[in-house]
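Positions annotated as topological domain 'Cytoplasmic' by Swiss-Prot, on the basis of similarity to another entry: 1-50, 555-641. The feature topological domain 'Extracellular' is assigned by Swiss-Prot to 72-533, with similarity to another entry given as support. Per Swiss-Prot, the feature disulfide bond maps to 98-273, 185-190, 197-204, 250-257, 362-449, 387-445, 391-441, 400-427, 402-416. As annotated by Swiss-Prot, N-linked glycosylation site applies to 141, 379. What Swiss-Prot records for 597-624 is region 'Disordered'. What Swiss-Prot records for 609-620 is compositional bias 'Pro residues'.
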């Protein structure tokens, strides 16, 4: 009962409002606030009132402007970068090594036979019959050529360039199975380009090159991709360089190692690659001390005599240092080690720690990235390189209907080839140079919040020396179980030394440049400096704002009621009926005080012996006041609410 009574009092007080007008509320605020300035507006003379009003308004605007700047700076989510240097025993990085040639030519020659003959013929047409040593009488398999031919573009007239197929006998486009001598255009007068057409031939583009060397290399790689995409992965692995042939000697610190300590992985660009200290099945190996003697020492045989002649023009080893359990993107982030040289690589470690949302768009494990990570089949950690390549493969499958050979495939998808997807090269070329595709992938992919970078200092020396090369190559040859009359040579041997320069590591860490404490301190400092205010002054200002809103709502409600009453009165003409008239109409239907005749109308009741006796009318009150049983107490009793 007491709760109900209290709630009724509270409701009544809400309906009444603060009980002030706008002017009274402003005067009360200026007289009671602790902020400097408003009190002087109501206490001084007219001139000083105007002066203090202008000053108060000016400094209030200045404070609001400063607050806006600080809040905008805070919402920019800026970071500050701190650099710290630590010293501890560190895990040795994972080391991936590959041969520059992905396959042994002796094992893939049967797959590339037609392509190699066609390549020799192409070189003959480019060089001209006087410089070519190719037998031009051989018949060529031009089925590969027709998908993506190379052409001469004669630009002597820039407004009307002439396009000629390398194997056309005339300008009409007829072709023969063997190259015709005496071409009217040669490499020094014409540019070599690659013609890429859609399957129906309605759309063709030309990919130009500044050198014929680049043109034929890109063309051969594209055709080889078509061939290798149709070969099962197990056969491709068998065609690459085995670990026991590639790795001749291994030493980590004071402990010997061999090819069994390396994890094999197939890379489409470099064939069989091998990773030392990947950490997939065992704990990462630590380095006992900095220096060459405590690092990894390798002697590698590149087998340059078995390189694919037109596919690989670089001789040496490709290597990369990376974190444990991370996929090696060795084509983009690796370095070459030259054959016939001893390459020493000193390593320094940088650890990057980025702030997450909302300070940056980094991700901890890639779970919030909307791109399917195609490299997750390797059980590796997330990286932005994996995301970008997965995104490209996703676009490739959506636009071209097949996946590119260089990237992993999603489930139940096929690699592109000329037989099943005749226009894949045209589609791939357009997608490769598409700016929209690159921007989409860069926008969708995120950097990793925690990353480790290995800074390398590289030095090289000739190895072995002339005085020692004879016995070193003979010993290494015998250890490879080769006959004594077949020795290794300087052209195929690489020696590597990989070690920590020092155990000092740098940690580059991002932290919030402006936190909530910084924001509150600056807001309070500006408010206190310009207006002498505090948090309590803000609460006072909030209170008066609430009262203003409260009074406004009450006035709007009262105005709505007044408008509604005026509309209701406009429906009736004349003055409203009195209470006595309303009671007469509802209690005695036979009584008509003003309109009825003085006596009963006998004609109105022809069948009645006696007309009905009129009822006694009620008192003719002009008003009727009803007092409810439960009298609500006066407002003065509820002022304590």
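Even glycines carry a Cβ here, placed using N, Cα and C.
Given the structure is predicted, the values throughout are model-derived calculations rather than measurements.
Candidates 98, 250, 445 (disulfide-bonded residues) were compared with residue 391 (disulfide bond); those inside 10 Å Cα-Cα are 445. For residue 449 (disulfide bond), the nearest neighbour among the recorded positions 257, 379, 400, 427, judged by Cα separation, is 379.
Spacing of residue 441 (disulfide bond) relative to residue 204 (disulfide bond) is 26 Å (Cα to Cα, whole number). When the alpha carbons of residue 257 (disulfide bond) and residue 387 (disulfide bond) are compared, the span between them is 34 angstrom. The disulfide-bonded residues close to residue 400 (disulfide bond), defined as a CA atom within 10 A of its CA, are 416 out of 98, 197, 416. The disulfide-bonded residues listed here (98, 402, 445) include 445 as those with a Cα within 10 A of the Cα of residue 362 (disulfide bond).
In terms of C-alpha distance, the listed recorded positions 98, 190, 379, 387, 427 place 427 closest to residue 416 (disulfide bond). Residue 362 (disulfide bond) has a Cβ environment of 20 other Cβ atoms inside 10 Å. Within the same chain, residues at least six positions away from residue 204 (disulfide bond) with a Cβ under 8 Å of its Cβ are 195, 196, 197, 198, 426.
Closest to residue 273 (disulfide bond) in space, going by CA atoms and restricting to the recorded positions 141, 190, 387, 427, 445, is 387. Taking a C-beta cut-off of under 8 Å and a sequence gap of six or more, residue 190 (disulfide bond) has these contacts in its own chain: 152, 153, 154, 155, 164.
Taking Cα separation as the measure, residue 387 (disulfide bond) is nearest to 379 of the recorded positions 141, 250, 379, 427.
Spatially close to residue 250 (disulfide bond) yet at least six residues away along the chain are 256, 257, 258, 259, 261, 276, 296, 297, 298, 299, judged by Cβ distances under 8 angstroms.
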